[in-house]
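Notes follow the structure.
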């Protein structure tokens, strides 16, 4: 315990030293608001109503019943059907960033609360230091995997978590968990970190977690988009894509979740679009690095389950995203598992997570291409027998700017779903 306290004490010292240093002058969104349109017709609303007025729009989320879009206020006021749901964007942005008061509070609670890491959102350097600390704290359970480098030269890190060496049980099923594919979805990053910490911290003291790590392998990537995530801290809290160059010099970034090489489509949008898929499959460096890694290690990991964390809208999405005409294999069991995940969350926190086909969520049934090249479809079709995307809290009051006091509640409810998922993979008859 002394060794553990020493490690965490050093981590806190570094954390307090660097927190705030990575925060830059944020993009000003005082002239923008988020509008909710009660329409399920994406094509009519965006292509026929909004696009003729401006190309400065950003679709935050879409569902069967509504579409949330960030617009300049002067444009939003010209569209009668929209209801303002977020008007104070700069204030909400600041509320997601750590403060000096928070740092003082963390120093005070450290001795009695190792969960202090989850009191606030954390920048990329801090998260990477924390992953390295976990490897040192749990050397028999954790190995940091280096998947490759991003366009800006940052490492793409994963944690391999297992209670015993793969050669002792070569048939162990592997669960892959990813977060932060879209840079601004900070709650997805914190939620993945919460899950991996619970698995490690409870090993040996909880029968369930001990069984999970002894009988399953986990590959966990908390920040799938390191460049974009770092940029949300230093420049623009609402940045979505990665940061690589495109064929249009003034337009940086590819949407990683449109870059995977299953049912990929060449971009129909301008390179400046938030959903720009690039000019070739796997053009996004992060998607390419992951593809190369899982091919090189396919003899080491038998990937059986995949959970991709996103925000927002409180939904559990199942394949396929690219088309509503393509039926997934084993649909009945896939739906049963989806509703089981939703029930586990509801039992834990009372929150309702709707179960929806990813194609409906993406709007692929209305405008083909919106769900092309997704990580969900790629992993489901090529690697994982079971694959889901979880869109976390909330349902629109804060959108991507969920206050940090939600980190632990979201972590707890989502971890309940992960435990259900693990139980299912170990015993499909539950």
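We count from 1, first residue shown onward.
Glycine residues also receive a Cβ, built from the backbone N, Cα and C atoms like all the rest.
Copied from Swiss-Prot, the annotated features are:
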type	residues	note
SIGNAL	1-24	signal peptide
CARBOHYD	41	N-linked glycosylation site
DOMAIN	120-425	domain 'Peptidase M14'
BINDING	182, 183, 184, 185, 240, 257, 258, 311, 312	substrate binding site
BINDING	182, 185, 310	Zn(2+) binding site
DISULFID	251-272	disulfide bond
CARBOHYD	295	N-linked glycosylation site
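For residue 184 (substrate binding site), the spatially nearest entry among the recorded positions 41, 272, 295 is 272, judged by CA separation. Among the binding-site residues 182, 185, 258, the residue whose Cα lies closest in space to that of residue 41 (N-linked glycosylation site) is 258. The separation of residue 310 (Zn(2+) binding site) from residue 251 (disulfide bond), Cα to Cα, is 24 Å.
In the structure shown, the C-beta of 258 has more C-beta neighbours within 10 angstroms than that of any other entry among the recorded positions 240, 251, 258, 312. When secondary structure is read from DSSP and collapsed to three states, residue 251 (disulfide bond) falls in the coil class. Residue 182 (substrate binding site) has 310 nearby among the recorded positions 272, 295, 310, counting only those with a Cα within 10 angstroms of its own Cα. When the C-alpha distances from residue 240 (substrate binding site) to the recorded positions 185, 272, 295, 310 are tabulated, the minimum falls on 185.
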